[in-house]
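Enquirer: Here it is: the structure, laid out below.
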Amino acid sequence: MNNNYHIAVLPGDGIGPETTRQVYKILNVIKKQFQINIVTTEHKIGGDAINSEGTPFPKSTLKYCEQSNAILFGAVGGPQWTHLKGSESPEQGALLALRKHFNLFANLRPIYLADELKELSPLNINMIPNGIDIIFVRELTGGIYFGQPKGRSGTGLNEYAFDTAVYHRFEIERIANIAFKLAQKRRKRVSSIDKANVLHTSMLWREVVSHLAKNYPDVELEHLYIDNASMQLINNPSKFDIILCPNLFGDILSDECAMISGSIGMLPSASINEHNFGLYEPAGGSAPDIAEKNIANPIAHILSIALLFRYSLKLDHIAIKIEKAVSQALMLGYRTIDIAKKHEKSISTNEMGDIIAALIKNEREK
């Protein structure tokens, strides 16, 4: 078994650097417990790179990412860079560029609501008796975000804008296969989202997914229109297992579901390619308003490194170890401010990182 791994660490902007520091605490414990050599090297990305090197995605950063087994990403963007557009902006010039360069076509976003946090959900707890345990499988490099042509034309009252939604059969097949295989390891149910009563891309999407489902007879498939799916997620989120989405629909629905779970600060994200190379990041943004105040929730970032171990390094036992420590911290009542109830004591970013690292370490020593 390979015991040597290289991880490119891109802390970025806002709360990215401080939550990254908490992940290092976890990695230090894991390295000692499992006797594996994990080499982490930090590189600049996003606004941080713009300030120091004049570009959101330096060539030196790309070079090291190409030499690594996976990328641990923080966050990019902030008010001082909002005037920058297109490839000069932190978001498009860095994050979208990484996705495109490494063909990270599959975005996996687990949405999990722990029993201890049910009261934080905007939904009545009677609507979620079985909690929420969903994985969004979102196609990430096709659809209307990337289709050409797009732009603006005309003048005055005749000015107009246009975007093009395009999906190829192979793009749908590869993302659907990931969804079905994940479902086989879970509750064996896939909900595929489209708008096949209107959009030609959705008609092809439904056709391809239905055909592939024949290869997975043990998995139940249902098709839902996007508008119906958005209602069902509010009405009965517990019914969902794997939600398979085109790019735009997945972007919208996963954020809706993130709020149902109580706090986006709890949610990790993985973007992977066909070779299991991936970029792992918290689902939330850079949150510049709370940066360096030691109040950001590092759990999403810590769970992201768990996903990195699971999907890119194929070390599922380590991923489970990290996830159990997070669950234990919550059961013991530890809360950052975003998941603390009114009048409930909260702990800092650094304290949460220390506690989760200690729980991993102590379990080994028992």
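Count begins at 1; order follows the chain as displayed.
Any Cβ shown, glycine's included, is placed from N, Cα and C.
Pulled these features from Swiss-Prot for this protein:
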BINDING   78-91, 285-297  NAD(+) binding site
BINDING   Arg99, Arg109, Arg138, Asp227  substrate binding site
SITE      Tyr145  site 'Important for catalysis'
SITE      Lys195  site 'Important for catalysis'
BINDING   Asp227, Asp251, Asp255  Mg(2+) binding site
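How buried are the listed features, and what sits near them?
Expert: Under the DSSP three-state reduction, Gly86 (NAD(+) binding site) is assigned to helix. Within 10 Å of the C-beta atom of Gly86 (NAD(+) binding site) sit 9 other C-beta atoms, taking all shown protein chains into account.
Classification of Asp227 (substrate binding site) by DSSP places it within a helix.
If you draw a 10 Å sphere around the CB of Tyr145 (site 'Important for catalysis'), it holds 16 other CB atoms from the protein chains shown. When secondary structure is read from DSSP and collapsed to three states, Tyr145 (site 'Important for catalysis') falls in the helix class.
In the three-state DSSP assignment, the secondary structure recorded for Lys195 (site 'Important for catalysis') is coil. The Cβ neighbour count for Lys195 (site 'Important for catalysis'), using a 10 Å radius over every protein chain in view, is 20.
The Cβ of Asp255 (Mg(2+) binding site) lies under 8 Å from the Cβ of Ile264, each of which sits 6+ residues away along the same chain.
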Enquirer: If you measure from the CA of Asp251 (Mg(2+) binding site) out to 10 Å, which recorded positions from the list Thr82, Gly86, Arg138, Lys195, Ala291 are inside that radius?
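Expert: Matched recorded positions: Arg138, sequence order.
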Enquirer: Taking just the CA atoms, what is the gap between Ala291 (NAD(+) binding site) and Asp227 (substrate binding site) in Å?
Expert: 36
Enquirer: List, in sequence order, the same-chain residues at least six positions removed whose CB sits under 8 Å from that of Pro90 (NAD(+) binding site)?
Expert: Gly12, Asp13, Ile45, Gly46, Gly47, Ile50, Pro56, Val76, Gly77, Gly78, Trp81, Leu84
Enquirer: Among residues Arg99, Arg109, Arg138, Asp227 annotated as binding substrate, what is the maximum Cα-Cα distance? Answer in Å.
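Expert: Among the residues the record ties to substrate, max Cα distance equals 28 Å.
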Enquirer: For the binding-site residues Asp227, Asp251, which one has the sparsest Cβ surroundings, going by other Cβ atoms within 10 Å?
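Expert: Each of the binding-site residues Asp227, Asp251 was scored by Cβ atoms within 10 Å; lowest is Asp227.
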Enquirer: Which number gives the other C-beta atoms within 10 angstroms of the C-beta of Ala291 (NAD(+) binding site), all protein chains shown included?
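Expert: Result for Ala291 (NAD(+) binding site): 18 neighbouring Cβ atoms inside 10 Å.
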Enquirer: At the level of the C-alpha atoms, what whole-angstrom distance separates Arg109 (substrate binding site) and Lys195 (site 'Important for catalysis')?
Expert: 21
